[in-house]
């Protein structure tokens, strides 16, 4: 009997730097590449149409690239635990390869499949390629616990062995005599389905701003590196209006779905830096997004409650308000704050928003204005963000809501001033909220302050054509900062830790925030400085402030455990949430 191999694609939707697939092909007589899709999840899971479209485009591109190698992608409907025993028998499989999945549900799923494979006499190959590092080794280096500060994480990885270089791309030379058995009805039995076949209504669906697939990912990588090359000092680009728009060099969804290897990106960045800087060693900051990605993956890998507040040992238990009406206004871009609403509109239409825009809407929903749980925001991002995955989405929301990782809760974004500073003319607002297009720049971020005559000329009456602000930012932010302060004081007493040492002695000052023109902004003083809760966040990652979170479990604020929801199948198979990196790939 020959060696019949199957490679199971989940994330890692690519032929470059795919060590599990490469090893699976070696010595095999036949190879079949499969992707298991449960159509039931398309209608029931919390995943929007833009994300499903991106996934299907990734699968179509993968199939097209396999065709060039006289192979095909086999898209199989069903559940892995039901599908594989049948395939093992039907195809006489002797070898199965998979990319290692670090997320708790993925590890549980893969353990079950490995057991089925062993019982069927099938060899299983598992290789790490969705992350740069072996996360278990990072945790081992840290005494068996994940590092909960970025500084500590950087210290740990600096002690690890150099990264392995990407493996060669799967080509006809790599495949050699390994063939793929194909039938005439392959498309009918194993073809990539359409959105319509999955039950989606595509009427009015605009063309994709982010086309899915490995081919697009590699094209974007070259553009991204060309852009980097002229930024000889590799500093962070300055934020401006154009930064808010989707870029043809953006990479985050492609890293998320594994269309682009993080290792390839890492080594391309390294090579470029050495070329520009004449062989000097690159700083860790060069790899901003990649390392933040690893940081959150490491924090989440052994914590199945990472996406929950209750029962999550690293999450502060905060008594958030339940307010479905306010949540819907935020999610649908109806808050009455044009900056917030434009961001949420872009997210719903295109599936992507700039990482600082993510910070702004996350702060507004949680500790800044609405006092709604980060879990609710995380679910909306899970539905709409192309680059949202389980670990990074949950980790980012905990971080931005001051529920974990740092506690500078007295720093907030002003939902008027931050946008005005970024895009003074308001072009971004006009693009995504055309109802406000007629307002002059002076009033486009706070149209409720425009005289009635200007509103009439703009053909937009506030409260009729566009909503009034749903909250008074000044009052809400002051109240919420006080709430946070009380929670952390209680937690400090409960754990016997001095967590509030960094709270400014003058909480009504602007605390060194960037200044905005703040006249007549709800929540900002007329003196020209942002009031409490109205500035830019300052990020700190002091180790001493984090130690209690490792052991906390349930604080005195907790209310017990709640049942976990199984991730959707689409979420299982691909898994960057709100961007928190110092250097963006967008």
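Backbone N, Cα and C atoms are what each Cβ position is placed from, and that goes for glycine too.
What Swiss-Prot says about this protein:
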COMPBIAS  545-559  compositional bias 'Polar residues'
CROSSLNK  11  ubiquitin cross-link
CROSSLNK  107  ubiquitin cross-link
CROSSLNK  159  ubiquitin cross-link
CROSSLNK  329  ubiquitin cross-link
CROSSLNK  485  ubiquitin cross-link
CROSSLNK  565  ubiquitin cross-link
DOMAIN    3-132  domain 'Photolyase/cryptochrome alpha/beta'
MOD_RES   71  phosphoserine
MOD_RES   247  phosphoserine
MOD_RES   280  phosphoserine
MOD_RES   568  phosphoserine
REGION    371-470  region 'Required for inhibition of CLOCK-BMAL1-mediated transcription'
REGION    471-493  region 'Interaction with TIMELESS'
REGION    545-586  region 'Disordered'
MOTIF     50-54  motif 'LIR 1'
MOTIF     82-87  motif 'LIR 2'
MOTIF     151-156  motif 'LIR 3'
MOTIF     255-260  motif 'LIR 4'
MOTIF     271-276  motif 'LIR 5'
MOTIF     285-290  motif 'LIR 6'
MOTIF     335-339  motif 'LIR 7'
MOTIF     379-384  motif 'LIR 8'
MOTIF     411-416  motif 'LIR 10'
MOTIF     430-435  motif 'LIR 11'
MOTIF     486-491  motif 'LIR 12'
MOTIF     492-497  motif 'LIR 13'
Among 159, 329, 485 [recorded sites], residue with fewest other Cβ within 10 Å: 159
Neighbour-count leader, CB within 10 A, modified residues: 71, 247, 280: 71
Spatial separation of residue 280 (phosphoserine) from residue 159 (ubiquitin cross-link) - C-alpha basis, Å: 19
Nearest recorded site to residue 107 (ubiquitin cross-link) by CA-CA distance, among recorded positions 11, 71, 247, 329: 11
Which of 11, 107, the listed recorded sites, has fewest other Cβ atoms within 10 Å: 107
Nearest-integer angstrom distance between the alpha carbons (Cα) of residue 11 (ubiquitin cross-link) and residue 71 (phosphoserine): 19
Per-state residue totals over the motif 'LIR 7' (335-339) - DSSP helix, strand, coil: 2 helix, 0 strand, 3 coil
Non-local residues, at least 6 beyond the ends, that sit with Cβ under 8 Å of the motif 'LIR 4' (255-260): 11-14, 54-55, 58, 61, 99, 129-130, 212-214, 216-218, 220-221, 289-290, 293, 386-389, 574-576, 585
Among 247, 280, 329, 485, which are recorded as recorded positions, the nearest neighbour of residue 71 (phosphoserine) by Cα: 247
Coarse DSSP state, helix versus strand versus coil, of residue 247 (phosphoserine): coil
Residue 159 (ubiquitin cross-link) in three-state DSSP notation: coil
